[in-house]
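What follows is a single structure, written as structure tokens, with notes after it.
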Amino acid sequence: MKVTNLKFKITPSFIIELIMIALGSAIYGLSINMISIPNQLTDGGLSGISLLLFHWWKVNLGFSTLILNIPLILIGFRFLGKKLMIETLWGTICLSFFLNFWRLIPIINQLNLEHDLLLAAISAGLLSGLGLGIVFRYNGTTGGSDIIARILQQEKDIKSGKTFFIIDVIVLVLSLSYIDIRHIMYTLIASYIATTLIDIVQQGGNKAKAVFIISDKYEEIAKMIDLELDRGYSFLNGEGGYDRSQKHIIYCIVANYEIQAVKAIVLREDPKAFMTIFDANEALGEGMSYNRKKRNFFIRR
């Protein structure tokens, strides 16, 4: 299905996105040049293919990254829309530039950690994850397998994770032509760390817990959550599946470190209460992404 290109304006926020995509690409390019290449760690996706070409035929990394991405970007304009592909094109150009730029600085190519591949893998994962996390957080990509995955998910309903996995496996198998299985295993460690850090950077650091509490003493529990934790809450209406009785459900968001206090309140007020706790990847609003208004210590609402 062809995407209709919607008009968009070049706004200050769009300029900031481009700047941050460039910053993320610079960090990712630094990771490849400073750690991955000197320590024979490979990568998945198109970056891994570029590393293959570099080790097989000494093809310039920046040049191969740009050339391999051009047909994918042209296809992406047809299926994924103009704004996304402009940011992808920008990310690709920035990555290609920084892959070459960092190689011009002698000290960048001298960090050989062959004596400690675990340290090399951790360092590569942290730098790559930080760089790509910044790129993704600001709605960009560096092209490559991300374009393929998005198109296949949109057109064929194939999940992105499956596409990434297949491409990465193919690239890693081909990488055995110039590195041994030991380096492949350390590459997997780096990839795991990078993936974890990408999620943290992309989603933000305001993780929290979402709590649902079903209790006949919902008012008492809610009052204590307010008094002891200074957290807001909502009442939801529910119905028991067995006896069809009406239930009141408390829904609230608390910080990770407050979850034990919530459990203690519920256990104290109603030991028979039913409570479920979920991870909230990001919580925005008063008390989470910005400070709550100060309340008088002696006055409780």
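Keep in mind that glycine also has a Cβ here, set from the backbone N, Cα and C atoms.
Unlike curated records, TrEMBL annotations are generated automatically.
Going by TrEMBL, these are the annotated features:
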{"type": "TRANSMEM", "residues": "12-35", "note": "transmembrane segment"}
{"type": "TRANSMEM", "residues": "55-77", "note": "transmembrane segment"}
{"type": "TRANSMEM", "residues": "84-105", "note": "transmembrane segment"}
{"type": "TRANSMEM", "residues": "117-139", "note": "transmembrane segment"}
{"type": "TRANSMEM", "residues": "160-178", "note": "transmembrane segment"}
{"type": "TRANSMEM", "residues": "184-201", "note": "transmembrane segment"}
{"type": "DOMAIN", "residues": "231-285", "note": "domain 'DUF2179'"}
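If you look at the transmembrane segment (160-178) against the transmembrane segment (117-139), you find fewer than three C-beta pairs under 8 angstroms, all six or more positions apart, and that falls short of contact.
For the domain 'DUF2179' (231-285), DSSP puts the residue distribution at 14 helix, 22 strand, 19 coil.
The largest share of C-beta pairs under 8 angstroms with the transmembrane segment (117-139) comes from 184-201, of the ranges 12-35, 55-77, 84-105, 184-201. Residues 17-18, 21-22, 24-26, 28-30, 32-34, 50, 60-63, 65-66, 69, 73, 76-77, 135, 139-143, 146-147 of the same chain lie 6+ residues outside the transmembrane segment (84-105) yet bring a C-beta within less than 8 angstroms of a C-beta in it.
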